[in-house]
Amino acid sequence: MALSDAPLLRALAGDRPARTPVWFMRQAGRSLPEYRDLRVGTRMLDACLTPDLAAEITLQPVRRHGVDAAVFFSDIVIPLRLAGVDVEIEPGRGPVFADPVRTASDVDRVTAIDPDDLDGTAIAEAVGIVTAELGDTPLIGFAGAPFTLAAYLVEGGPSKEHLRARAMMHSDPESWNRLAGWLARVSRRFLETQRDAGASVVQLFDSWAGSLSTADYRAFVAPHSHAALADISLPTIHFGVGTGPFLADMRLDGVADGVGVDWRQPLDEAAAILGPDVTVQGNIDPALLAAPWPVLEAHVRDVIDRGRAARAHILNLGHGVPPETDPDQLTRIVELAHSL
Ligand SMILES: Cc1c2[nH]c(c1CCC(=O)O)Cc1[nH]c(c(CCC(=O)O)c1C)Cc1[nH]c(c(CCC(=O)O)c1C)Cc1[nH]c(c(C)c1CCC(=O)O)C2
């Protein structure tokens, strides 16, 4: 099989390949004992920037589960680290920034860095190792959407409602647009590095977009996500959580070939909203990974049935794999999807 015939790429082009492609957000990570073994003694972001380690972690779930794609082991804050921003990932918490970006002069400080100066060597090297081993299995590159990155950067760390970033949009729209425009260029640069090194698909994660009103999403966020993804010359997937109220906007005016749907919205309903020109991705409820297999199996069959309403369907979770997941549950889902 040629890479271009891979079920994931066929589905993103709008075809219905013989088998439903399946991969899992956060498939490379803590649910795998072989991942936990490799990570001992190495901080998260250092692991991402060690090419042979990042490559090996990327490949682990492909070998174990037989998924239809690898997703590059990295993090949405890696391009910020490469830009010289002081960021760490605190285990069990998430990204933490030493100097939050809250005022117009903070925005001046970070946006003075030219995204074209980011050194992507370690990323390119890791992607090269991965794609050489993957052969005809596609590698998905990714980046954080400007709003989700800003939700961390303005707050200084994880938050529930991202109040400071959402306040900045209204109290100082000029600074907000400068910051979000810069973040779009940083993420774009990260996507291009992965593309140029051999990734076959890119996914933009706007995990926290669900905290926005539809009006704010349209006015302050969508144009920047559009800039991060437009004309990237690879198939694109755009994912968010809680984006039901503005799901059609997630198509980004035709820039997204696939739209990720969370577990709250049945795929047939989502497909009706998204229309005939987009592939749907999702949306197994991550909570059900902890249920007995017959319960999970019935849910996965229902997701696949509802996905038939779309032009094409990529089976995935509605959000990432929870760390405590039994990896055998993921393998069973892949076997089921490929048997139907
Ligand atoms: C919001 C976000 C982040 N990072 C990411 C997002 C968007 C996706 C989503 O919504 O889940 C993206 C991401 N992060 C990671 C990947 C790798 C590829 C994959 O398997 O999907 C991807 C695509 C690895 C990771 N990124 C992180 C881990 C866990 C780190 C560890 O093993 O200690 C992994 C495997 C750390 C991280 N990084 C981030 C968080 C909230 C955390 C969790 C902190 C924790 O609970 O410990 C920021």
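Note that Cβ sites are derived from N, Cα and C of the backbone, with glycine treated the same way.
Summarising the annotation, TrEMBL assigns substrate binding site to ARG26, GLN27, ALA28, GLY29, ARG30, ASP75, TYR152, SER207, HIS319. Taken from TrEMBL, the feature domain 'Uroporphyrinogen decarboxylase (URO-D)' covers 21-30, 140-156. Residues or ranges marked as site 'Transition state stabilizer' by TrEMBL: ASP75.
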Taking every protein chain in this structure into account, which of the binding-site residues ARG30, HIS319 has the most other Cβ atoms within 10 Å of its Cβ? HIS319
At a C-beta cut-off of under 8 Å, are there same-chain residues at least 6 beyond the domain 'Uroporphyrinogen decarboxylase (URO-D)' (21-30) that contact it? List them, or none. 6-8, 10-11, 36, 57-58, 60-61, 65, 67-71, 73, 140, 239, 260, 314-317, 319-321, 323, 330, 333-334, 337-338
Integer Å value for the Cα distance linking ALA28 (substrate binding site) with ASP75 (site 'Transition state stabilizer') is 11
Which whole number of Å gives the largest C-alpha distance between any two of ARG26, GLN27, ALA28, GLY29, ARG30, ASP75, TYR152, SER207, HIS319, the residues noted as binding substrate? 23
Same-chain residues at least 6 apart in sequence whose Cβ lies under 8 Å from TYR152 (substrate binding site): VAL77, GLY94, PRO95, PHE97, PRO158
Quick one: of the binding-site residues ARG26, ARG30, HIS319, which has its CA closest to the CA of ASP75 (site 'Transition state stabilizer')? ARG26
In the domain 'Uroporphyrinogen decarboxylase (URO-D)' (21-30), how many residues does DSSP put in helix, strand and coil? 0 helix, 1 strand, 9 coil
For TYR152 (substrate binding site), what is the secondary structure state per DSSP, taken as helix, strand or coil? helix
